[in-house]
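Input: a single structure, listed below in structure tokens.
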Amino acid sequence: MADADLSGTQAVSGTEAGRPAGKSIPLGLTDTLTIATWNINGVRARLDVLTGWLKQRGPDVVCLQEIKSVDEAFPREAIESLGYNVETHGQKGFNGVAILSKRPFEVTRRGLPGDSEDVQARYIEAEIPAGRGIVRVASIYLPNGNPVGTEKFPYKLSWMARLEAHARALLAFEEPLVLAGDYNVIPEPRDARRPEVWVNDALFQPESRGAFRALAALGLTDAVRTTTDAGDVYTFWDYQAGAFQKNDGIRIDHLMLSAEAADRLGKVEIDRDTRALEKPSDHVPVVAEFTFPA
């Protein structure tokens, strides 16, 4: 059981951080949309955890990673019964991503472009109604890259380069864009409780962090870091050695926003409650709230 101060919902809203999270919305009708990202670490193994959280929190859109399920075996009915539309890009036993939405939506892409031979299920993208238009949302499960020194690390960097190229193309539409998921990158030392432990890990290599900065340099905004400068803000705790109880975590789950989405960003929350549940994922949801003119 986690210490009391380690569980609960960790608010990192712009208001609490002492500075605005985005541009003000003109008075009048507005449309509020909540978008969450969560590496569920096996959707069938965590189905009770997932459905319980959906009932309690009820986000409008959920980007799931590491569903570890082929499309046909995804527990669609259990989630649809809660009022969600479901689209998946699955793979047997590994990887897999999904988008759940209370609003009808259209999938625009399954799989990241740039390598026709890459069959790993790590990317799904959709257009979701928001306000007077749409928000483009992607669920991303970026390669881990370990062990460094094997072919897995170059694959990670190549995948990140492809993501950068695709993000550049999407940004040309000048529309709200949310690239949400498990990036498997610790962007800065403050994003780890003990950064020295990670110096030889693919998640914290200079090349990985540099590729993440290159994404941001396109004009993408890290939702959490627009709303707080604090350390001690984590989204993953290993199952081993009481990491959660010690708050020995890292921040690797990110929502990267186009300017058009960042302008509409309100509060951001990291839902640590889920990590204290029985049979939890080792990741927790990150939830961002957006307000669009209706």
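Any Cβ shown, glycine's included, is placed from N, Cα and C.
Taken from TrEMBL, the feature active site applies to TYR141. The active site, proton donor/acceptor annotation in TrEMBL covers ASP182. Summarising the annotation, TrEMBL assigns Mg(2+) binding site to ASN39, GLU66, ASP182, ASN184, ASP282, HIS283. What TrEMBL records for 1-23 is region 'Disordered'. The site 'Important for catalytic activity' annotation in TrEMBL covers ASP253, HIS283.
Measuring Cα to Cα from the residue listed as 'active site, proton donor/acceptor', the binding-site residues that fall within 10 Å are GLU66, HIS283, out of GLU66, ASP282, HIS283.
Under the DSSP three-state reduction, HIS283 (Mg(2+) binding site) is assigned to strand. For the residue listed as 'active site', the binding-site residues whose C-alpha atoms fall inside a 10 Å radius of its own C-alpha are ASN39, out of ASN39, ASP282, HIS283. Neighbours of the Mg(2+) site: apart from ASN39, GLU66, ASP182, ASN184, ASP282, HIS283, residues of the same chain with C-beta atoms within 8 angstroms of the site's C-beta centroid are ASN41, GLN65, TYR141, PHE236, ILE252, ASP253, SER281. The number of other CB atoms found within 10 A of the CB of the residue listed as 'active site', across every protein chain shown, is 27. For GLU66 (Mg(2+) binding site), the number of other Cβ atoms no farther than 10 Å from its own Cβ, over all displayed protein chains, is 24. Taking the Cα atom of each, ASP253 (site 'Important for catalytic activity') and ASP282 (Mg(2+) binding site) are about 11 angstrom apart. Fewest other C-beta atoms within 10 angstroms, among the recorded positions ASP182, ASP253, ASP282, are seen around ASP282. Around the Cβ of HIS283 (Mg(2+) binding site), the number of neighbouring Cβ atoms within 10 Å comes to 23. In the three-state DSSP reading, ASP182 (active site, proton donor/acceptor) counts as strand. Sequence-distant neighbours of ASN184 (Mg(2+) binding site) (same chain, 6+ apart, CB under 8 A from its CB) are LEU142, PRO143, ASN144, GLY145, LYS156, ALA202, LEU203, SER208, ILE252. Applying an 8 A CB threshold to same-chain residues 6+ apart, the list for ASN39 (Mg(2+) binding site) reads LEU64, GLN65, GLU66, TYR141, GLY181, ASP182, PHE236, ASP253, SER281, ASP282, HIS283.
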